[in-house]
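As written in Swiss-Prot, here are the features:
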- 108-135: domain 'PLD phosphodiesterase 1' (DOMAIN)
- HIS113: active site (ACT_SITE)
- LYS115: active site (ACT_SITE)
- ASP120: active site (ACT_SITE)
- 285-312: domain 'PLD phosphodiesterase 2' (DOMAIN)
- HIS290: active site (ACT_SITE)
- LYS292: active site (ACT_SITE)
- ASP297: active site (ACT_SITE)
- 390-413: region 'Disordered' (REGION)
Amino acid sequence: MKCSWREGNKIQLLENGEQYYPAVFKAIGEAQERIILETFIWFEDDVGKQLHAALLAAAQRGVKAEVLLDGYGSPDLSDEFVNELTAAGVVFRYYDPRPRLFGMRTNVFRRMHRKIVVIDARIAFIGGLNYSAEHMSSYGPEAKQDYAVRLEGPIVEDILQFELENLPGQSAARRWWRRHHKAEENRQPGEAQVLLVWRDNEEHRDDIERHYLKMLTQARREVIIANAYFFPGYRFLHALRKAARRGVRIKLIIQGEPDMPIVRVGARLLYNYLVKGGVQVFEYRRRPLHGKVALMDDHWATVGSSNLDPLSLSLNLEANVIIHDRHFNQTLRDNLNGIIAADCQQVDETMLPKRTWWNLTKSVLAFHFLRHFPALVGWLPAHTPRLAQVDPPAQPTMETQDRVETENTGVKP
């Protein structure tokens with residue numbers, strides 16, 4: 001499948017759970033024919049129970065509902081919680097679940113990290129939010145800052161088709177060679193234009209990164225990137241510095257209060273390289289940053305699930321939308337500049353790690369390890385990801401799959 005730029009869309013930025021969850025639950029409540037929902041994390045907390053209730057009500061009124069969860073991100077939903085949905089007719093699947101080893105999850109690589117909802121081929125949501133109370137301000141200091149978009153218009157057809165082609169039973173010809181797709185060019189830039197881009201482990205391995213690189217090459221005035229987990233490869237870092245050196249104002253917002261300490265360690269290894277290259281780096285200090293958004297000049301923007309780290313850029317299944325729209329760009333710009341002014345600390349010379357031989361050695365080793373991390377993972381024994389569908393009673397039937405597909409004739413379509 002290859003997507004093209006779609007015109008005539010309605011695009012709405014949604015910030016955090018306070019805006020995202022009511023919009024999603026309302027759309028589910030108004031669904032008439034079909035719901036497709038996939039996410040990395042679904043917790044059995046207050047937010048998770050609201051999603052459960054919305055899907056249950058939809059299924060009970062005859063709406064066809066399908067859910068795909070990641071087996072690593074959502075391992076602990078109770079049988080009772082899931083059974084109630086499957087008994088009502090919800091098709092409930094886990095992407096590549098595996099048993100724990102000494103109580104530890106082992107399936108950490110090549111995860112299904114997308115967050116997409118499609119309602120009746122009319123409305124779609126895509127972004128970085130999971131279904132967890134962690135995305136609500138009421139959660140406290142550890143509540144996550146995140147973004148998504150609500151979409152209406154022709155782009156929804158592309159997102160629906162993408163979902164349908166990745167459902168079980170939809171086989172695709174596999175090629176022994178790897179094809180690389182150029183970033184889809186918008187030959188007639190306008191307003192309300194949206195393009196779906198994704199990353200998989202087949203023909204679209206670096207599509208999202210290619211769009212970022214193309215954006216940095218085309219930038220003329222300003223780029224703002226807000227990304228939770230920032231440790232891209234050398235090509236990306238070089239493109240950032242190159243843009244800054246030709247006079248583009250580059251603002252990079254990263255976690256200052258990370259949910260994982262290693263995130264700060266990794267990002268700070270890059271501070272010298274970025275700051276001395278003219279990139280303005282801001283640490284978001286109010287709470288953990290979980291967003292994956294960016295904008296360029298006055299028309300280009302992206303929102304989605306892809307971080308800028310080795311897992312998202314080289315291993316996980318991800319999905320973003322690229323948006324050409326001045327109003328949306330300005331809305332996102334106002335939001336990001338607002339959190340820079342209110343909740344960020346700019347990294348200056350005093351915050352840079354001292355340039356000692358030890359720090360330099362650590363930086364070089366860490367950088368090259370993370371740079372080659374995906375290739376190292378590729379040397380591990382290969383396995384074919386599996387899809388587990390939960391049918392009442394809740395005894396998963398395992399189906400071999402690669403794209404999220406199956407040959408089990410008993411699986412619901």
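Using the three backbone atoms N, Cα and C, a Cβ is placed for every residue, glycine included.
Known features from Swiss-Prot, placed on the structure.
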residue : record      : DSSP class
HIS113  : active site : coil
ASP120  : active site : coil
HIS290  : active site : coil
ASP297  : active site : coil
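Packing against the domain 'PLD phosphodiesterase 1' (108-135) from elsewhere in the chain are residues 14, 16-17, 20-21, 23-24, 27-28, 30-43, 45-48, 51, 68-70, 72-73, 95-96, 142-144, 146-152, 155-157, 159-160, 163, 196, 198, 201, 228, 290-293, 303-306, 311-312, 315-321, 377, 380, 385, 404: each is 6 or more residues past its ends and has a CB under 8 Å from a CB in it. In this structure the alpha carbons, written CA, of ASP297 (active site) and HIS290 (active site) are 23 Å apart. Using a 10 Å Cβ-Cβ cutoff, ASP120 (active site) registers 15 neighbours. Same-chain residues at least 6 positions away in sequence with a Cβ under 8 Å from that of LYS115 (active site) are, in sequence order, GLU38, THR39, PHE40, PHE125, ILE126, GLY127, GLY128, LEU129, ASN130, ALA148, SER305, ALA319.
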